[in-house]
Amino acid sequence: ENTTRCPPFDSPSATPCESGSAPHLLTSNHTVIILLTVFVASLAVVSVFANGIIIVAICRTRLNSDTNSIPILLILSMSVSDAMLCAVILPLLALEIFYNGTWRLGADICALRMSLDFILTATSVSHVACLAFDRYLSICRPFYHRRLTMRAGLLAVTVCWTLSIVECAL
């Protein structure tokens with residue numbers, strides 16, 4: 001049987017995506033495995049649906065050059081990132097849980113999963129930081145905040161995605 005170790009269920013000393021390592025079982029209780037698999041799969045479906053609602057709602061409204069559009073643009077981009085994370089990473093996690101912590105999709109898919117997980121999670125966290133900074137400016141520097149344009153929001157979104165991708169590549 002060709003199995004590979006893939007985080008998060010690998011041992012602390014294991015190299016990510018290494019082949020041929022000894023199995024590290026999550027549990028010997030099959031009921032727990034089924035319940036965890038169903039929970040993670042359900043979480044993926046609900047999260048994709050919820051983020052989809054946010055994306056559709058924002059896309060149906062008009063983004064204009066008003067400074068209130070900057071946080072909306074950040075929320076839209078973060079929802080896209082979160083929806084991608086829940087549509088790709090959580091199903092792979094559910095599959096890994098189903099196989100009791102054993103990765104069966106090979107080292108290449110494991111490496112892709114780890115990279116996407118890092119990029120999408122870092123992007124989401126970066127968006128939260130930008131939203132916090134936007135709120136800081138609107139409260140503590142309102143005159144400066146009013147001068148921000150949609151271009152500043154697009155720049156913030158671009159920086160969030162680019163930094164996450166570059167950081168993953170390093």
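If you go along the chain as it appears here, the first residue is 1 and each next one adds 1.
Cβ from N, Cα, C; glycine included.
Residues or ranges marked as domain 'G-protein coupled receptors family 1 profile' by TrEMBL: 50-170. As annotated by TrEMBL, transmembrane segment applies to 32-58, 70-94, 114-136, 148-166.
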For the transmembrane segment (32-58), could you work out the same-chain residues 6 or more beyond its ends whose Cβ comes under 8 Å from its Cβ atoms?
26, 72, 75-76, 79-80, 82-83, 86-87, 90-91, 93-94, 97-98, 100
Do you know the DSSP helix, strand and coil residue counts for the domain 'G-protein coupled receptors family 1 profile' (50-170)?
101 helix, 1 strand, 19 coil
Mean per-residue pLDDT computed across the domain 'G-protein coupled receptors family 1 profile' (50-170):
90
Give residue numbers and ranges for long-range contacts of the transmembrane segment (148-166): same chain, 6 or more residues beyond its ends, CB-CB under 8 A.
63-65, 67, 69-70, 73-74, 77, 81, 118-120, 122-123, 126-127, 130, 134, 137
